[in-house]
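Lifted from Swiss-Prot, the feature list:
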type: DOMAIN; residues: 14-95; note: domain 'GIY-YIG'
type: REGION; residues: 34-59; note: region 'Disordered'
type: COMPBIAS; residues: 101-110; note: compositional bias 'Basic and acidic residues'
type: REGION; residues: 101-121; note: region 'Disordered'
type: ZN_FING; residues: 232-287; note: zinc finger
type: REGION; residues: 318-364; note: region 'Disordered'
type: COMPBIAS; residues: 325-364; note: compositional bias 'Acidic residues'
Amino acid sequence: MTDGLKIDSRPLPAFYCCYLLRSKNRKAFYIGSTPNPARRLGQHNGSSKGGAKRTSMQGKRPWEMTCIVTGFPSRFAALQFEWAWQNTHATRHIERDVREARKDELEKGRKNASPVKRSRPPMSLEARLKNLHHLLGVGSFSRWPLHVRFFAPDVFSQWEKHISKMNTSLRKSITIRLTPAELPKLAPDVSSEMRTHFIPEVIRAIPVAYEDIKPYVEKSMSTLRDGKTRDCGVCKKDVNVDRSLVLICPNETCCSVSHMSCLSQRFLAEEANKEAFIPIEGTCPSCHSPIKWSDMIKELSLRMRGEDELKTLFKTKRKKKQVDTTEDDTDEYPDIDDLNADLDEDLDETWMENVNEEDDKPRS
């Protein structure tokens with residue numbers, strides 16, 4: 001590889017999301033971001049250290065994760081979206097008329113607020129969902145590979161009710177889905193602490209350690225190491241993997257390779273958006289299957305920059321010997337609590353000092 005391609009940085013994160021928590025009494029909400037929703041929910045509910053101070057206030061636990069927004073290309077991108085979602089009265093990502101309405105609410109709230117009260121206007125759940133819908137459609141975030149996943153059916157129903165009234169719809173590449181978080185059927189004598197610390201399996205099962213693209217990475221590395229001469233699927237010229245940024249079709253049965261610049265131009269041409277610089281999706285020049293640009297870029301960054309991450313991903317993790325067995329059980333994937341744990345820092349408690357309780361009265 002040439003010196004120009006030696007990039008001393010980490011690959012794109014395996015996973016990063018923004019989330020909306022709701023407290024047990026359903027009068028308080030929290031917006032945050034994390035690379036590991038299951039671990040973060042445990043922090044908020046006190047099963048591990050690192051949760052924001054505000055979320056540990058008396059009477060607020062247990063917290064439930066009602067929905068997440070996924071697809072952020074970096075931690076800083078998620079923090080940017082998180083701040084905008086928390087501060088719709090101040091962010092420039094929201095249209096001026098919407099922002100001014102939020103400011104009016106803020107000024108009304110300040111008149112009766114004590115000096116120690118927080119500076120954000122009170123918001124209902126409906127308002128938070130409206131703000132989320134606004135953010136998903138603004139130019140700043142409209143080309144990010146974002147998706148929304150709901151865990152609380154009643155929150156999803158309120159979202160559906162809201163978008164049914166909207167004149168504009170989100171772009172088709174944004175998927176909105178409901179995967180209900182089933183609460184356990186615990187016996188009456190189960191301690192309240194156990195109930196508080198419960199993390200739904202649907203949240204635990206979210207892939208946060210590159211395990212979802214492991215087969216794709218294996219296929220790409222095998223394709224590039226087979227010694228065969230390959231031509232770019234777009235320009236048809238020879239592909240030099242040591243000097244070029246090369247993208248591989250993620251389709252299991254397709255071995256198409258392309259220069260990143262060539263495939264980018266092809267995808268943008270298919271989209272016919274002259275103002276766009278980064279594609280969202282397109283079709284493989286060989287198998288013609290639809291491909292998400294973000295999937296290929298994540299695989300490329302992991303393959304080129306993730307030496308340590310790849311070692312962890314492909315290393316067989318040993319467990320302790322079980323009783324009456326002669327062999328060790330193994331775990332195919334790395335411990336998600338170890339991978340990228342340094343990215344999941346304690347939340348900034350000053351943010352929560354400026355968050356209000358829910359206002360049950362919907363605001364126009």
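Note that Cβ sites are derived from N, Cα and C of the backbone, with glycine treated the same way.
Note that this is a predicted model, so its numbers are computed, not measured.
For the zinc finger (232-287), the predicted model reports an average pLDDT of 94. Mapped onto DSSP classes, the domain 'GIY-YIG' (14-95) shows 24 helix, 21 strand, 37 coil. Remark: secondary structure over the zinc finger (232-287) totals 12 helix, 10 strand, 34 coil, with classes taken from DSSP.
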